[in-house]
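Reading through the structure tokens given below for one structure.
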Amino acid sequence: MGNTKIVIAGPRGRMGSEAVKLVERTENFELAAVIDHKHNGKLLSELGVSTLAVPVYSDIIECLNVVKPDVLIDLTTPEVGMYHTKTALSLGVRPVVGTTGFTKENLAELETLCRERELGCVIAPNFALGAVLMMKFAQVAGKYFPDVEIIELHHDKKLDAPSGTSLKTAEMIAEVREEKKQGHPNEKETLPGARGADFAGMHIHSVRLPGLIAHEQVMFGAEGQSLSIRHDSYDRVSFMSGVKLAVDTVMKLNTFVYGLENIID
Ligand code: NAP
């Protein structure tokens, strides 16, 4: 099998620069170009991210038409990520998307595009395999413990709240949990937001602090007991084995996959 030709969008970012290193060190992966809105026409080696002299494009359409990659890895911002993913699919390139903040409508639109184009696409709000296992374990627990509070903690540069992982966790728990509004029926917030965001009666709390990377605790409570399931990413390298798995998998797919849990056994 030949090399998988990859384009990375967002190569100067915290995740994108880690993805550049992943592609550089992975046999059979080839970094063909990067997409960066501020450095059109330069080489990646001029951006201080890598010594690779691959071209930098600002215009995704030009990039994908010229380079003709197999896969686009997007690690940018929600609006840009959505535009990049749609454009990649329309040009026959398989997207692997780590960018978070996509709405339900965005996901539905991308799923339709994949079906029409018969192309694989992997969107993973969390590439850390430990976080994926946390979600799976939380789903098992949610069947027996309907009272749950999700606390997600991230660095203070994160744009979207709640995190994609906490939403995905809540969605997975909601599939098995009897719907229930938690807390006292007459509870009242004296400060708006004190009880966090409401997802099918579950509460999601978002903490933003410098020094953190990505962390989540799913707390279940019942009479006389509690159960906490927690995952911590201490370094962005924790996401890279999932990125590699997603790239390898998307090459064999012609469907839309949302969440890494759907591609691990
Ligand atoms: P970041 O450090 O802010 O990186 C985002 C990068 O995207 C920046 O370098 C930014 O450049 C660039 N960018 C913005 N608009 C662009 C455009 N039009 N074309 C190309 N590049 C563009 O953020 P991060 O921490 O790496 O996170 C990136 C995304 O991944 C976020 O959505 C985050 O929530 C998500 N994330 C996902 C996972 C996962 O496991 N799936 C884990 C961590 C983070 P400028 O700064 O110059 O604008």
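Cβ from N, Cα, C; glycine included.
Copied from TrEMBL, the annotated features are:
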- H154: active site, proton donor/acceptor (ACT_SITE)
- K158: active site, proton donor (ACT_SITE)
- G10, P11, R12, G13, R14, M15, D36, G98, T99, T100, A124, P125, N126, F127: NAD(+) binding site (BINDING)
- K42: NADP(+) binding site (BINDING)
- H155, G164, T165: (S)-2,3,4,5-tetrahydrodipicolinate binding site (BINDING)
- 5-127: domain 'Dihydrodipicolinate reductase N-terminal' (DOMAIN)
- 130-263: domain 'Dihydrodipicolinate reductase C-terminal' (DOMAIN)
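Distribution of TrEMBL features across the structure.
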residue	record	DSSP (3 states)
G10	NAD(+) binding site	coil
D36	NAD(+) binding site	coil
K42	NADP(+) binding site	coil
T99	NAD(+) binding site	coil
A124	NAD(+) binding site	coil
H154	active site, proton donor/acceptor	strand
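Spacing of the residue listed as 'active site, proton donor/acceptor' relative to G164 ((S)-2,3,4,5-tetrahydrodipicolinate binding site) is 11 Å (Cα to Cα, whole number). Neighbours of A124 (NAD(+) binding site) among the recorded positions K158, G164, T165, defined as a Cα within 10 Å of its Cα, are G164, T165. Straight-line distance linking the Cα atoms of N126 (NAD(+) binding site) and T165 ((S)-2,3,4,5-tetrahydrodipicolinate binding site), rounded to a whole number, equals 6 Å. Here the domain 'Dihydrodipicolinate reductase C-terminal' (130-263) has, by DSSP, the following mix of helix, strand and coil residues: 44 helix, 38 strand, 52 coil. Under 6 Å, Cβ to nearest atom of ligand 1: this is the test, and of the recorded positions K42, H154, H155, T165 it is passed by none. Spatially, by CA atoms, the recorded positions K42, H155, K158, G164, T165 include one closest to R12 (NAD(+) binding site), and that is K42. Note: the CA-CA distance between G10 (NAD(+) binding site) and K42 (NADP(+) binding site) rounds to 14 Å.
In this entry, NAD(+) is bound by G10, P11, R12, G13, R14, M15, D36, G98, T99, T100, A124, P125, N126, F127, whose most widely separated C-alpha atoms sit 22 angstrom apart. Long-range Cβ proximity for K158 (active site, proton donor), meaning a same-chain Cβ under 8 A and a gap of 6 or more residues, is found for R208. Here the C-alpha separation of H155 ((S)-2,3,4,5-tetrahydrodipicolinate binding site) and D36 (NAD(+) binding site) works out to 23 Å. The number of other CB atoms found within 10 A of the CB of G164 ((S)-2,3,4,5-tetrahydrodipicolinate binding site), across every protein chain shown, is 21.
Across the domain 'Dihydrodipicolinate reductase C-terminal' (130-263), mean pLDDT in this model comes to 96. Within 10 Å of the C-beta atom of K42 (NADP(+) binding site) sit 15 other C-beta atoms, taking all shown protein chains into account.
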